[in-house]
Amino acid sequence: MPGTALEMEPVEPQSLKKLSLKSLKRSLDLFSPTHGHVAPPDPESLKVWLTLQVAMEYKGIKSTNDIPKQGNPRGQEPAAPSNALALPGPEGSRDQGKGVSENALVVGPTLQSRGKNEGGLPGKSTTVIPASSSSSRNFSTSAIIERIPSRWPRPEWHAPWKNYRVISGHLGWVRSIAFDPSNTWFCTGSADRTIKIWDVASGKLKYTLTGHIEQIRGLAVSTRHTYMFSAGDDKQVKCWDLEQNKVIRSYHGHLSGVYCLALHPTIDLLLTGGRDSVCRVWDIRTKMQAYALAGHDNTVCSVFTRPTDPQVVTGSHDSTIKFWDLRYGKTMTTLTHHKKSVRALARHPTEHSFASASAENIKKFNLPRGEFLHNMLSQQKTIINAMAINEDGVMVTGGDNGSLWFWDWKSGHNFQQAQTIVQPGSLDSEAAIYAASFDLTGSRLITCEADKTIKMWKQDENATPETHPVNFKPPKDIRRF
């Protein structure tokens with residue numbers, strides 16, 4: 001009306017909570033009239049649903065949901081699915097389950113589906129999965145399945161090892177070690193270019209042999225002759241006559257430093273590997289090279305031999321292990337399990353197996369085929385230069401950081417972690433262990449280290465399984481690589 005002002009109703013201030021409640025009420029009013037009613041049938045969606053059913057039956061999976069029968073519309077009331085596992089369902093569901101295979105597992109809710117008379121929609125579908133399928137691990141039975149105990153072998157108890165003697169005498173890093181077959185003396189090669197022979201029982205120096213002009217990385221004492229063999233960074237491989245204490249032969253052929261050395265146990269053959277990526281096989285009587293085992297792409301830094309095939313096994317900086325056939329001088333197998341340089345190999349003295357050490361892991365393999373057995377259950381987290389195994393099933397590994405770890409061979413359990421102590425006057429960084437070897441009885445261990453010392457270890461006589469219990473947990477997941 002003209003002349004009169006339109007009166008506005010006062011708007012009360014409303015909180016956010018009240019506004020949200022109002023919007024909830026509006027949505028409830030919007031959907032409450034159709035709540036509990038079945039949606040009208042849609043011919044297009046029915047066609048899609050039938051296509052899905054055909055596809056599921058084709059894959060071997062059937063649904064016990066309300067399958068439309070001939071003449072029945074989609075919305076009619078279905079028979080309730082059976083709740084039982086491997087048991088017959090209720091009377092009304094017998095005809096419905098005729099198409100389901102007998103050896104089927106029912107996975108789904110265990111409550112009866114509500115009908116329309118209760119005001120709800122038909123219940124969820126219960127999926128039937130054949131027992132032969134890969135999904136047979138159903139959650140409804142996992143609680144009653146008996147737990148299978150771990151098949152991982154239990155470790156044997158071993159007494160802890162302790163250092164009982166430190167021998168100093170070399171003027172450089174001690175790089176290699178070899179024992180005499182009579183177990184009365186051992187020899188060590190060093191970066192001071194000398195070979196020293198020591199008494200095992202007393203640790204006293206017997207002889208010093210000179211002749212190399214670079215550090216000596218490999219030593220071996222023959223069980224068939226009174227010979228000792230040495231190899232070093234000066235590309236030279238020498239044969240020493242221990243009765244005269246002098247060099248009687250030199251084997252020329254390596255193009256660079258020689259890093260490892262091994263003697264064949266039954267034939268007069270010597271094997272040397274070096275930076276020229278070749279493992280050379282020498283006839284020790286004639287100074288002739290019998291074979292040049294070529295195939296590695298990098299330095300050959302570890303080798304061992306055995307009397308039967310494969311007679312030669314080499315590890316290299318190219319992270320592979322090769323088995324060689326000595327009759328033809330060719331590769332039999334190449335193991336590519338490692339990711340880093342294989343710097344140490346050790347053969348078990350009695351079993352047909354060996355271990356290989358790399359910076360990422362220590363792995364155990366079977367012989368003669370080279371099947372991978374398992375990884376050791378701990379990681380040393382350092383470059384491993386030395387490894388040795390005795391007949392009691394104790395394996396020892398020495399690392400660049402001075403760590404000396406002792407393992408149970410059968411189970412791969414690490415039962416002791418020792419740390420070498422550098423001799424006074426040396427740097428802490430000179431704690432590396434370059435070589436390790438058990439004596440012939442397996443009761444003494446000798447390590448050669450970067451602090452110019454030789455350390456001798458033995459088992460603690462006072463230790464018992466009660467004072468040093470085995471703290472072992474079997475692995476949950478056994479990784480192949």
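Note that Cβ sites are derived from N, Cα and C of the backbone, with glycine treated the same way.
Computed from a predicted structure; not experimentally measured.
Sequence annotations record features per position, and here TrEMBL assigns region 'Disordered' to 63-134 (among others).
The region 'Disordered' feature in TrEMBL is assigned to 460-481 (among others).
TrEMBL lists 167-208 (among others) with the feature repeat 'WD'. Proximity of distant same-chain residues to the repeat 'WD' (167-208), defined by a Cβ-Cβ separation under 8 Å and at least 6 residues beyond the stretch ends, is recorded for 214-221, 223, 228, 230, 232, 240, 245, 261, 423, 430, 432, 434-437, 439-441, 444, 446, 448-450, 452-456.
Residues of the same chain lying 6 or more positions beyond the ends of the repeat 'WD' (209-250) and with a Cβ under 8 Å from any Cβ of it are 172-173, 175-181, 187-197, 256-263, 265, 268, 270, 272, 274, 282, 284, 287. Here TrEMBL flags 209-250 (among others) as repeat 'WD'.
Under the heading repeat 'WD', TrEMBL lists 251-292 (among others). Long-range contacts of the repeat 'WD' (251-292) within the same chain, counting only residues at least 6 positions beyond its ends with a Cβ under 8 Å from a Cβ of the stretch, are 176, 214, 217-220, 222-225, 227, 229-239, 298-307, 311-312, 314, 316, 318, 324, 326, 329.
Here the repeat 'WD' (293-334) has a mean pLDDT of 95 out of 100. Summarising the annotation, TrEMBL assigns repeat 'WD' to 293-334 (among others).
Within the same chain, residues 259-266, 269, 271-275, 277-281, 340-347, 354, 356, 358, 365, 367-370 sit at least 6 positions outside the repeat 'WD' (293-334) and bring their C-beta atoms closer than 8 Å to a C-beta of that stretch. Residue counts for the repeat 'WD' (167-208) under DSSP (helix as H, G, I; strand as E, B; rest coil) come to 0 helix, 24 strand, 18 coil.
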